[in-house]
Amino acid sequence: MFNLRNFDVIVVGAGHAGTEAAMASSRMGCKTLLLTQKISDLGALSCNPAIGGIGKSHLVKEIDALGGMMAKAIDYSGIQFRILNSSKGPAVRSTRAQADKILYHETVKKILKKQNNLLILEAEVKDLIFKNYSVVGVLTQNEINFYSRSVVLAAGTFLGGKIHIGLKSYSAGRIGDKSAIDLSVRLRELSLRVNRLKTGTPPRIDINTVNFNNLLIQNSDTPVPVFSFMGNVSHHPKQIPCYLTHTNEKTHEIIRKNLDKSPIYTGFLKGLGPRYCPSIEDKIVRFPDRKSHQVFLEPEGLSSIKVYPNGISTSLPIEVQEQIVASIKGLEKSKIIRPGYAIEYDFFDPKDLNLTLESKLIKGLFFAGQINGTTGYEEAASQGLLAGLNAALSSKNTEGWFPRRDQAYLGVLIDDLTTQGTEEPYRMFTSRAEYRLSLREDNADLRLTEIGRKLGLVNDSRWIRYNQKVLNIQTEMNRLKKNKISPISPDADILKKLYNISLIKEISMSELLKRPQIRYQDLQSLESFRTGIVDLEAIGQIENEIKYAGYIKRQSEEIERHLKNENTFLSSICDYNKIRGLSSEVVKKLNDYKPISIGQASRISGITPAAISILLIHLKKESYKHTL
């Protein structure tokens, strides 16, 4: 039974960050309270009806490998699945799924309701409760105190949220939901650095008024991909297509004529928006020579009448939005059933956070999601999981955990945020990861599931399946190394005839698989192949490990060199003013950031190689003193 006032961890906000945080904490055995304005909006897809994409899907796979629920939720609600960059190397291939918004929310709700140690309540938090520079609970609008050892703030766009449509604006966390004004005001009174960002969404269109004839159709890939390592294609609901249309010169002219009604271009809206998901107004202004822009028509669900026109996010007045939509092929007679809008909200400087996402200033207070300056469901969910597990560890007075840049995209994300900070909404891309060949989608479980098991995040069924996969991979890779093909065998003739491969000496199946034109299924047609495995996931892993073995080895060696700096810790340095030779600018930055290692210090803007050398010399001298 719960003591209804005392918990180990309290999570404020039940979007993608909040729900993953609450799940992680409760799975680790902590009594967890999840507070939300509306239980009916648990894990809601507030903007686009999709999960995954370039770089983002890697985060989803990592969440899954650590026992999180996003991959499972999209497997049970995805109505179109595709592999992006399928013609490129495995490092940048990314899964993307269209979601049925209602099914997604219902799946998240079902998972949360089955979770032990978790209580979900409807309440708006207006204040935090502090004791000796530590957070010890929250105060709700109806004056109820809830106490805990750790608090995770995952308030999304609700802190100081303001919606803009044309030159009109009003306070809201998202359309139809009120802003958390009191909590925003209270947090601004603390010594936390806060600023404003904005994001936007397109109008929603009645599917019954769209003319899909003559539009490019986009179906699911075959075979249909699966997100979760525990998933199966049978989990997917019915698959339906999306459609592609384009803006045109008429569309662009309508927008140009109405820029004086845009809150972005009239100065009403100050916050910076996402660089890689600009409004249609931004596209027209920034790319004046473009004759058209893509618009993907994405159904919001199997039973929904809403279509999400991906590519025309806008905050222009509703009457202008109607003109824009009517100018686009297939949408000439379409009816808008919800206007597009921009929303401006508070975010807190992530440089004020440790790599565990705990505040450097307030013990026990963790931040996750859009309030850290990120954009996207996947970025939010991955931060939520990390904040939740560390809030749980903190409540047990146990040292926190975070992945390194060479271990996970989540490691890249939190290192970028806490080391570099951000002035615009941060979106994950594969290009942000310097070790992306080692951080592929297919090996997320091999990188993280054992860690998740030690942390208490991975249940028995996932652990058993993971170990079976590892055994299958190891057994098959050893078999392929031992299985040889003779140059005088019938298989040699097949290789010459079908693949123009001439054998001059005996070759192993493993060596053969290294060749670019050979796939695992090609080996299965050879007489000497004998019995292989049928696990497609393991087969993909085997192919990638064998084909890219040389590149992976070189990257592993690079990681080893990199780890020397990551494992050279700076915790012994309390005041950088005392180190001779550092410039005043470097001293200020090091004292402000408080990097945990030489590696992290080297990634801070303005920290020069000369400064790193001085730090290394200082550490060597200090180490020598301690040996005397």
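One-based numbering along the chain as shown.
The backbone N, Cα and C atoms fix where each Cβ goes, glycine too.
As the structure is a computational prediction, the values presented were derived from the model and not from experiment.
H16 (FAD binding site) falls within a helix when secondary structure is assigned with DSSP. Long-range Cβ contacts of H16 (FAD binding site) within its own chain (separation 6+, distance under 8 Å): G43, M70, G369, Y377, E378, A380, A381, G384. The feature FAD binding site is assigned by Swiss-Prot to G13, A14, G15, H16, A17, G18.
On its own chain, G273 (NAD(+) binding site) has L197, K198, T199, G200, I264, S279, D282, A342, E424, P425 as residues at least 6 apart in sequence with a Cβ closer than 8 Å to its own Cβ. The NAD(+) binding site annotation in Swiss-Prot covers 273-287 and is backed by sequence analysis.
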Candidate binding-site residues C277, E281, K283, V285, F287, pick with smallest Cα gap to A17 (FAD binding site): C277
Least buried by Cβ count (within 10 Å) of the binding-site residues R275, K283: R275
Long-range Cβ environment of G15 (FAD binding site), under 8 Å and at least 6 residues apart: G43, A44, S46, A154, G156, G369, A380
Count of other CB atoms lying within 10 Å of the CB belonging to E281 (NAD(+) binding site): 26
Extra residues within 8 Å (Cβ to Cβ centroid of G13, A14, G15, H16, A17, G18), FAD: V11, T19, E20, A21, T36, G43, A154, A155, G156, A368, G369, A380, G384
Local backbone state of E281 (NAD(+) binding site), from DSSP in three classes: helix
Nonlocal neighbours by CB distance (under 8 Å) for C277 (NAD(+) binding site), same chain, sequence gap 6 or more: T199, S313, T375, P425, R427
Most Cβ neighbours inside 10 Å, all chains, among the binding-site residues A14, A17, V285: A17
